[in-house]
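Structure first, then comments.
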Amino acid sequence: KKHQILEKEKKSSAHARFICKMAAVQGGLVDAVEEKNLKSETAADGLTNNSANDGRALSTSPGSSSSSGSSKAAAGPPEDQQTLLAVLQFLRKNKLTESVEILRREAGLPEDSLDGKGLGAVDASSLLSRVTGSASQASTAGAEDQPDVNVVLSAYSQQGDPALYEVYYSGLKKFIETVLDCHRAELSQVFYPLFVHMYLELVYNNHESEAKAFFEKFSGDQECYYVDDLRVLSGLTKKEHMRGNETLLDFRTSKFVLRISRDSYQLLKRHLQERQNNQIWNIIQEHLYIDIFDGMPRSKSQIDAMSGSLAGEAKREANKTKVYYGLLKEPEIELPLDDEDEEAENEEGKPKKKKPKKDSMGSKSKKQDPNAPSQNRIPLPELKDSDKLDKIMYMKEATKRIRLGPDNLPSICFYSFLNAYQGLTAVDFTDDSSQVAGGFADSTVRVWSLTPKKLRKVKSAADLNLIDKESDDVLERIMDEKTASESKILYGHSGPVYGISFSPDRNYLLSSSEDGTIRLWSLQTFTCLVGYKGHNYPVWDTQFSPHGYYFVSGGHDRVARLWATDHYQPLRMFSGHLADITCTRFHPNSNYVATGSSDRTIRLWDVLNGNCVRIFTGHKGPIHALAFSNNGKFLASGATDGRVLLWDIGHGLMVGELKGHTDTIYSLKFSRDSEILASGSMDNTVRLWDATKAFDDLETDDFTAATGHIHLQDNSQELLLGTYMSKSTPVIHLHFTRRNLLLAAGAYNP
């Protein structure tokens, strides 16, 4: 029995130590020895100084001094005593009297300290309730996948004097405005996240009038690209409003990332410690992730180029993973000579011109790219005979492809959808440019033939039995001429169709809709084959993989899903965005998927394991267009801010900014050899940019800078090769044909 009692006592003292630690962390107290260890750790970990990524890089809160190191804590500051008393009360409550006595004697506290007469007994009991409360909240948070609203918001309950919030904020503002210019730009990044969290703290603790005054006084100081977020914030004036608000929950559950040089960080830390400014210090510890780098502080323009997303910049280690951006080796297909070529062979001068072109096409695919993934990294469908024939057609077309450049711009053919009162919401062209499909707000999908060849259905089963299956033209015979027409309408969705994509072999068409489903349509029978259900909300975009079989979708539920046509459940779910996923794109090698979101970030996901391997920040509005260069090295993105940003995938850096559009960019497309980038916008223009020059001018020295700084040249005007206005048609899709003719599409706005 005695043995059991001793065991119980041992467990309880361990529990007491745990609670002591929790209370110390909550109260901002850390033992002197621990503090020393922390300091040496943070000094050693120079690149990502954020002390175990926990936001508590700042070991002690500036107002509280750490304990003196002697075992007698009676002489320590009142916070230490409160913590000890809270632990003693907890032990007494659990009838662990021996542990209470041992701890009290060790701490040198008087016997009456627990009877309510001792110093800070009331504070101790409140601290005890706070510690036990937070422990129970932590356990509930872990039990559910989604953040529990109460747990998320409870952090705001530890408040200071509401009247002092303005004083604290303006004090910090004054300090940052008076520091040296080189540090001012970096430290100014702190304003926005602090402003939001201080405002939310006031609202959560029912200080409505103070919150309103605080918002009115300081909201005008924030950067212009946070206007939309501030508008949402201004509507949150009561504690009840906070519970169902998604934007707020995002802001609370994801730490706002700031990238600051060590010198600027030390300045801020010193200032807050001297002023004993606990309120701001606690917010920095709790809600901010400070990514510290060694070297020169960044300039205002460098910071502006990368900021603007919902959760600050990307952490630098987020873009360090190796990405296999190279292309897969093309299957070797012999290119047969057609009649024209045979005739040409009889004449002496011509074949010499044609042959080398073909060899160059063939040799391109024979060498394995060192940056390419292995052929079997992800299972890809085998080539059917029809695919091989299509490849041969593609290679023949490629020999007649026009080389584009600043002196040789592509012709542009614009398809205007007239009288589209059903509201055209999405467009796609087949790879061989023979068909175009449109998704409409009346929940229909319409397909048109762009060649004299009309769209025909396959004959009925009874008629197919009568066909001679051995004949050479069997593929023609199975088509029913009676059904031939220039366009077909596909019915099935019960809401506007927002995304549309042809399969590479032109046999299937995908459509995604507000009804939360993605449908796969057969272009042989013009019927719906499958409805994929996984999203609970509107699906804004979907796209087939360049190799077929796989496709990706993204929507309002902020999760992108990877599907295979023969599985009714998704194969991968890519979760991480803080707002709607507005556009999705496959990398040319099908091993990666890029997603653009309303949280103003672009993420690159690995199809093999579902990991996020790149996070790109810099856009100031929701992203609506993405395009990979055909060599797989670069990504272009367009957003509601009217800017096109260029990214180097291998190094994970922004390498260019193209300004010129005055409205949302809805479509981006690289020419077949990536010499030219075309952008289509709601401002009714198509613009052509010199992609070769944009990427060739890159200085690789910039990449080697550990800080990831890049000096963007403001050379948009030099790179702009042409602007083409439509009469009154927003451009919602662009497509380069195999011979580099540019096709554009949109619905005419009378």
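Including glycine, each Cβ sits where the backbone N, Cα and C put it.
Heads up, TrEMBL stuff is auto-annotated, nobody curated it.
What TrEMBL records for this protein:
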{"type": "COMPBIAS", "residues": "59-78", "note": "compositional bias 'Low complexity'"}
{"type": "COMPBIAS", "residues": "358-369", "note": "compositional bias 'Basic and acidic residues'"}
{"type": "REGION", "residues": "41-78", "note": "region 'Disordered'"}
{"type": "REGION", "residues": "335-383", "note": "region 'Disordered'"}
{"type": "REPEAT", "residues": "417-458", "note": "repeat 'WD'"}
{"type": "REPEAT", "residues": "490-525", "note": "repeat 'WD'"}
{"type": "REPEAT", "residues": "532-573", "note": "repeat 'WD'"}
{"type": "REPEAT", "residues": "574-615", "note": "repeat 'WD'"}
{"type": "REPEAT", "residues": "616-649", "note": "repeat 'WD'"}
{"type": "REPEAT", "residues": "658-690", "note": "repeat 'WD'"}
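If you look at the repeat 'WD' (616-649) against the repeat 'WD' (532-573), you find fewer than three C-beta pairs under 8 angstroms, all six or more positions apart, and that falls short of contact. Contact between the repeat 'WD' (532-573) and the repeat 'WD' (658-690) is not supported: fewer than 3 Cβ pairs lie under 8 Å, counting only residues 6 or more apart in sequence. Per-class residue totals from DSSP over the repeat 'WD' (658-690), listed helix then strand then coil: 0 helix, 20 strand, 13 coil.
Sequence-distant neighbours of the repeat 'WD' (658-690) (same chain, 6+ residues past either end, Cβ-Cβ under 8 Å): 398, 401, 403-406, 409-410, 412, 414, 621, 624-631, 634, 636-640, 642-646, 714, 716, 718-736, 738, 740, 742, 744, 746. Per DSSP, the secondary structure of the repeat 'WD' (417-458) breaks down as 0 helix, 22 strand, 20 coil.
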